[in-house]
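Here Swiss-Prot flags C42, C67, C128 as [4Fe-4S] cluster binding site. The annotation region 'Disordered' is assigned in Swiss-Prot to 1-24.
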Amino acid sequence: MTCRPALSDSHPPEPGTPSSPSFGVCGDRPLLRERGQHEVFCGLAGIIWLHRKIQDAFFLIIGSRTCAHLMQSAAGVMIFAEPRFATAVLEEQDLAGLADAQDEIDRVVARLLERRPDIRLLFLVGSCPSEVIKIDLQRAALRLSKVHGARTRVVSYSGSGLETTFTQGEDACLAALVPDLPSAAADEAPDLLVVGTLPDVVEDQFGRLFAEMGIARTAFLPPRRSTALPAIGPKTRFLLAQPFLGDTARCLEARGARRLAAPFPFGVEGTTGWLAAAAQAFGVDDLTFRRVTAPGRERAARALERQRATLEGKRVFFFPESQLEIPLARFLVRELGMEAIEIGTPYLHRAHLAEELALLPATALLSEGQDVDRQLDRCRAARPDLVVCGLGLANPLEAEGITTKWSIELVFSPIHGYEQAGDLAELFARPLLRRALLKV
């Protein structure tokens, strides 16, 4: 094993042989469930935004050269930049069982921490290869924490993409942190926890809004530094900033925290509903809430109006990729006048998305899971104006004359909150404008 720098309820349906699609019911609306061939992106991708967020953490992937090349390409960094992630590459002797994987991990970690003494939190990240040969990273993390715990905490999680969507890498990472969160004192005042990785600028915006409402005790998970892990307890109320954090939410609830039901903070409507859930839970009066949120709502509404001419009346089709599909469809339909033909999602968490589902029009087809060939047939037949899909489908669809938007770009870009509402709308408008310019 060599070290190479930077090259549930929340789980999607397991893949299987293609079968006839089945219809279920989600609330009072039909839901198309599909099982078959599906396209996914690797869960290791979450490291790209997580390593930028937790500034004293390091992510050590136990994987293959393919993992190393993926990370270098996805992150857009060079080896000499020494980013805070790397791949311990499984060699032939590791795969053949000729070397003790646990000893090799110990050796690589010791070298890493000697070279990078600034690391305070080390994640051992499982991959498809390490899971196939069943390397016990949880045992390795417990052992290494005893050895290096005075200076560096060691935690493990799986970033494998075998049966998950790429955003669930973040879910697995945050869920692994929850057991290490300190316990809040029983007599402490209620506090608010925002769960899900947000760009620092967005986190600061939300922090200011909560403070202006009088919610002073606000924390974010993940924090910017591992030494600032938030304390949680029965008086903790948490808001999910991302819809793909089912495991993390379940772990927080097991420790006594309570989730605040809310739509997700995309666009004016979603952001206002999300903030209102916190305001109601912490006793903020309506006058204060309206005063604090009015400037942001007005700025966002003006920004959205600039994109409405491009998007209004256009038809959009979502392939399942990130679990962001339902909140984004709600945003496009209700705030920009688009028509959603099909909203595909890898997994539909009914409780976490209840507020979003209530806002969707009954005409939109919801689909859970995927049989990619059948879904492509439906997409081609519908001829939508815009398709939101993964990288693997985008180029073939573009070659057929169908305009596409890469779904992964919606995860990498700041899109939450009032100030980013216009940017979010522009991400969808840009492919349509490009297509119009290319027409002869």
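Cβ atoms are placed via backbone N, Cα and C, with glycine included.
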Quick one: of C42, C67, C128, which of the binding-site residues has the smallest count of other CB atoms within 10 A?
C128
Reduced DSSP assignment, C42 ([4Fe-4S] cluster binding site):
coil
For [4Fe-4S] cluster, what surrounds C42, C67, C128 with a Cβ no more than 8 Å from their Cβ centroid?
G43, L44, I61, G63, S64, T66, L70, S127, P129, G159, S160, G161
C128 ([4Fe-4S] cluster binding site) - helix vs strand vs coil (DSSP):
helix
